There are 2 protein chains.
Amino acid sequence: MTAQDDRDVRPSVTTGPVKGSTKVHVDVPDPAREGRVLRVPQRRVGLSDGTHIDLYDTSGPYTDPSETIDPHAGLPRLRDEWIQDRAPVNGAVTQAAYARAGVITPEMRFAAAREGVEPEFVRSEVALGRAVIPANRRHPESEPMVIGKNFLVKINANIGNSAVTSSVAEEVEKMVWATRWGADTIMDLSTGRRIHETREWILRNSPVPLGTVPIYQALERVGGDPAALSWEVYRDTVIEQAEQGVDYMTVHAGVLLRYVPLTARRVTGIVSRGGSIMAAWCLAHHRESFLYTHFEELCEILRAYDVTFSLGDGLRPGSVADANDEAQFAELRTLGELTHVARAHDVQVMIEGPGHVPMHKIAENVRLEEELCGEAPFYTLGPLATDIAPGYDHITSAIGAAQIAWHGTAMLCYVTPKEHLGLPDRDDVKTGVITYKLAAHSADLAKGHPKAQERDDALSRARFEFRWQDQFHLALDPETAQSFHDETLPAEPAKTAHFCSMCGPKFCSMRISHDVRRFAEDNGLSTVEAIERGMREKAAEFADGGKRVYLPLAEGEAH
Amino acid sequence: MTAQDDRDVRPSVTTGPVKGSTKVHVDVPDPAREGRVLRVPQRRVGLSDGTHIDLYDTSGPYTDPSETIDPHAGLPRLRDEWIQDRAPVNGAVTQAAYARAGVITPEMRFAAAREGVEPEFVRSEVALGRAVIPANRRHPESEPMVIGKNFLVKINANIGNSAVTSSVAEEVEKMVWATRWGADTIMDLSTGRRIHETREWILRNSPVPLGTVPIYQALERVGGDPAALSWEVYRDTVIEQAEQGVDYMTVHAGVLLRYVPLTARRVTGIVSRGGSIMAAWCLAHHRESFLYTHFEELCEILRAYDVTFSLGDGLRPGSVADANDEAQFAELRTLGELTHVARAHDVQVMIEGPGHVPMHKIAENVRLEEELCGEAPFYTLGPLATDIAPGYDHITSAIGAAQIAWHGTAMLCYVTPKEHLGLPDRDDVKTGVITYKLAAHSADLAKGHPKAQERDDALSRARFEFRWQDQFHLALDPETAQSFHDETLPAEPAKTAHFCSMCGPKFCSMRISHDVRRFAEDNGLSTVEAIERGMREKAAEFADGGKRVYLPLAEGEAH
């Protein structure tokens with residue numbers, strides 16, 4: 001970290017609790033280490049009736065006022081001891097290797113506590129390869145989490161500078177900012193100057209797993225000419241990044257030479273950066289991709305650090321016209337093949353997915369991925385359900401993301417309003433994260449996750465009972481919720497008013513609903529009994545009269 | 001229109017073409033009237049290669065620079081002659097009556113031209129009650145459109161002042177503004193002062209059908225006390241509004257006395273304003289709803305003007321916990337019964353739907369509605385797929401809206417970012433409309449509408465070929481798309497640059513994709529042939545070598 005970097009980073013990291021929340025820790029005993037506990041963070045929302053709701057917390061020490069935050073020192077090395085304490089199994093130190101050997105690691109225990117499930121369940125899902133815990137041994141600062149279709153749906157936020165814009169300090173703050181609002185992992189997609197330094201700052205300060213696409217840095221090393229890439233340059237880049245602590249790496253090893261012509265007649269060709277770089281390399285040399293031919297060596301490197309593969313979809317569709325085409329599914333078949341190779345090396349694997357897919361073609365993507373890739377966690381970018389709304393692609397993609405997650409996608413890569421148009425700024429990052437949290441949460445609800453429903457019900461009860469502050473505090477974005485409310489009814493008394501600006505006092509359905517309940521209570525009976533008794537009397541009269549006021553008529557019949 | 005109103009309205013109506021578009025008219029012959037044509041508006045997006053795409057246009061004369069706009073005079077009375085020219089059939093003047101008598105009205109012909117289908121198809125769908133053309137004889141200014149599951153998915157924008165906020169002028173401008181961005185109908189939900197005047201200004205200037213909820217004005221007339229309502233007050237209100245030209249009316253006639261207790265144990269009780277008013281009335285009098293007991297008289301009034309019923313879901317769920325419950329579906333059964341009554345009177349009917357519904361319960365809503373209500377067009381409010389994102393409910397609801405429309409919902413009522421928090425301002429109206437246009441369009445794509453796919457493909461081609469201006473002009477919101485682009489690369493040359501700020505020139509997948517194509521072309525062969533020839537050679541070598549670089553291994557097998 002140079003003096004120049006110091007200047008960049010110092011001033012801008014956001015700290016302090018999210019409005020209405022406090023940081024709490026659940027102490028989980030660690031049977032492997034007598035008398036020691038794992039301190040699992042949660043975000044507690046206190047409600048005005050004295051109860052509270054505890055939420056999954058991705059924000060790390062930044063939201064804990066009792067922590068001293070110093071980006072120069074980095075975060076506490078939470079996992080150092082756990083990592084040092086354990087010996088390899090079958091020559092491997094990966095979570096997959098431990099899981100298959102029947103060992104429940106502290107990482108599994110920690111992740112299980114966050115999910116509200118038994119540690120053994122996390123172990124068995126990881127052993128099957130149906131879940132991954134991206135946790136490089138060289139990134140001990142991260143708070144372990146699990147990605148898999150039988151857990152809460154996760155979201156990733158991309159950050160990173162390009163040759164055109166952005167500084168190191170901005171990117172570190174974007175990481176902190178994104179995890180504050182709920183990003184479960186971060187990908188650093190930097191392609192500009194100082195890739196290594198940017199990543200170092202992010203890793204040492206990131207409480208969540210970090211992913212990268214090593215081909216970007218490899219390309220910088222060879223001056224930006226894809227044809228000049230080689231296995232050796234790529235391998236050295238991967239080792240450098242693994243040494244730094246990158247938790248998962250996107251590897252476009254499924255872009256085979258023979259698949260490239262399948263993209264020639266597409267509306268939008270190849271839209272993955274990594275995919276296009278590898279396609280260009282294959283064509284220039286007329287040789288099979290070095291990522292494919294050297295895949296086992298890559299497995300050995302990743303295994304040594306427990307870096308998780310995120311097998312990239314270099315041929316993903318960039319428009320709804322190209323969705324589910326031959327190129328896309330040919331690559332997916334190859335990713336399935338590589339998944340089994342990686343698993344044989346005890347390396348954890350996720351599979352990346354599209355992109356742009358119209359709604360009726362979404363389910364097929366999950367079905368095929370599960371079939372071909374042995375249920376390895378699916379990790380999709382959206383998908384966008386239509387191409388026609390640049391500026392609103394966080395929304396077009398949330399429509400696809402919520403559905404694909406419901407069908408079984410384990411992690412969603414966010415899309416911001418700037419998609420296709422520019423690089424996201426801090427506001428865009430927040431909008432993207434909140435949008436993807438709500439998409440992921442919608443999927444958790446549809447999948448029947450009991451913890452998910454609890455938060456909806458708490459917020460809806462607060463809404464119905466005019467507990468405005470509780471409603472704001474339970475919202476994904478308390479600040480925006482309150483500021484929108486205050487635009488029309490800013491006065492403090494309005495926060496306790498039993499109506500709001502939408503309808504005014506006379507037309508408030510919720511107030512009338514309460515009157516309905518009170519009406520019954522005033523008659524000395526509980527609401528339901530009172531009304532039901534009346535109903536029975538009324539129903540008796542009604543039945544005498546022929547049961548229906550109107551009988552359905554056949555169409556066109558005179559009446 | 002008083003002098004006070006004049007001051008309000010004059011200054012604020014937005015006119016002029018949408019960026020990158022021009023207004024054109026398609027002349028459609030009207031066989032019923034020798035030598036006359038129907039002038040059907042379209043929005044033409046000219047592309048830089050000299051071609052163009054014509055889009056469905058809801059914006060009326062406001063986007064036509066050749067028209068003189070004067071809110072005091074109102075819009076031209078397009079349908080006056082059509083209405084005067086025709087005699088009742090079977091005593092009725094509704095589109096449904098004509099359709100069943102085999103008559104293709106100019107309204108059907110006009111709507112068919114907008115949809116790109118045969119007029120006979122529109123007639124037959126209206127005759128079946130599977131589609132409606134909301135077109136009050138007293139609103140001749142409106143440009144006819146059709147709502148039904150076999151047509152493009154439509155969207156409605158709610159406007160209207162409340163006792164707390166907003167002026168008449170603001171509401172007229174919101175109407176013009178909403179239709180500019182694609183609202184197919186407008187509902188005026190005003191509850192404050194000057195309900196009649198606000199509606200008059202909107203109707204005389206609205207190129208799209210206008211809907212209302214007459215119970216709001218009826219309640220104002222009785223001083224805001226639901227118990228003081230009566231059939232007579234309600235009837236007079238309906239007649240007043242029908243006389244003014246309201247095209248469809250929400251009537252909560254399915255809220256029966258015996259259904260009210262079904263809501264008592266809900267998380268959010270009754271959240272429909274109209275539903276809660278009627279529930280309060282039923283309880284106060286312990287009598288069946290006058291909307292239900294007088295439903296046939298109501299049919300007679302609506303038939304005389306050709307006002308379309310929008311049978312309201314007064315017991316819709318206001319939280320995901322309450323979705324698809326007994327109260328909701330009991331009311332839906334009653335709405336089905338009333339649908340058949342209305343059809344027997346040749347009155348057109350739509351059915352309103354929820355609300356808040358988690359994804360896995362969405363399809364059931366459409367299935368039941370179609371079964372119980374004879375496929376009457378379904379018209380839903382969202383639904384929101386989760387309750388936890390106030391401030392982002394345009395997005396939580398777009399997730400539900402896109403899916404319910406794909407399953408068969410004919411019209412989507414928009415939700416703005418201010419939902420649950422305050423009244424939408426002009427920016428919120430635009431955000432809501434664009435969000436719902438993209439949800440509706442996603443459904444059109446999933447339903448396989450050929451016109452829908454054409455726009456996506458045109459935009460994606462423009463994107464792939466770096467035709468930035470074409471991309472902006474084809475976007476749902478050209479202004480926002482361009483302004484986001486300009487934030488990072490504002491210079492004019494960047495609009496023709498073959499890369500953008502996301503990746504910079506070296507990492508541009510689209511540029512590399514083009515290089516891939518050029519690579520083949522430089523060798524004197526067409527792209528696909530060149531690569532395929534190479535592939536065949538390579539494939540031959542590859543086959544000799546055993547076909548696969550890696551063989552899949554059983555899990556856990558040594559490698």
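Residue numbers in this text run from 1 along the chain shown.
Note: Cβ is positioned from N, Cα and C throughout, glycine not excepted.
Model, not experiment: these values are computed from the prediction.
A:Tyr379 is the residue from A:Tyr234, A:Tyr292, A:Tyr379, A:Tyr392 that TrEMBL records in the substrate site together with A:Asn158, A:Met187, A:Tyr216, A:His252, A:Ser272, A:Arg273, A:Gly274, A:Asp313, A:Gly314, A:Leu315, A:Arg316, A:Glu352. Separation of the C-alpha atoms of A:Gly314 (substrate binding site) and A:His420 (Zn(2+) binding site): 17 Å, rounded to the nearest whole number.
A:Tyr379 (substrate binding site) sits 14 Å from A:His356 (Zn(2+) binding site), taking the Cα positions as reference.
Residues within less than 8 Å, Cβ to Cβ, of A:Gly274 (substrate binding site) and separated from it by at least 6 positions along the same chain comprise A:Val213, A:Ile215, A:Tyr216, A:Thr250, A:His252, A:Val255, A:Gly312, A:Gly314. In terms of DSSP secondary structure, the domain 'ThiC-associated' (A:20-88) contains 10 helix, 24 strand, 35 coil. Considering only the binding-site residues A:Asn158, A:Ser272, A:Arg316, the residue whose Cα is spatially closest to the Cα of A:His356 (Zn(2+) binding site) is A:Arg316. Within 10 Å of the Cβ of A:Tyr379 (substrate binding site) there are 27 other Cβ atoms, across all protein chains. Cα spacing between A:Ser272 (substrate binding site) and A:His420 (Zn(2+) binding site): 12 Å, rounded to the nearest whole number. Residues belonging to the domain 'ThiC-associated' (A:20-88) score a mean pLDDT of 94 in the model. DSSP assigns A:His356 (Zn(2+) binding site) to a strand. Once the Cα atoms of A:Asn158, A:Met187, A:Tyr216, A:His252, A:Ser272, A:Arg273, A:Gly274, A:Asp313, A:Gly314, A:Leu315, A:Arg316, A:Glu352, A:Tyr379, the listed binders of substrate, are compared pairwise, the greatest separation found is 20 Å.
Counting Cβ atoms from all protein chains shown, A:His356 (Zn(2+) binding site) has 29 others lying within 10 Å of its own Cβ.
Counting every protein chain shown, 23 other Cβ atoms lie within 10 Å of the Cβ of A:His420 (Zn(2+) binding site).
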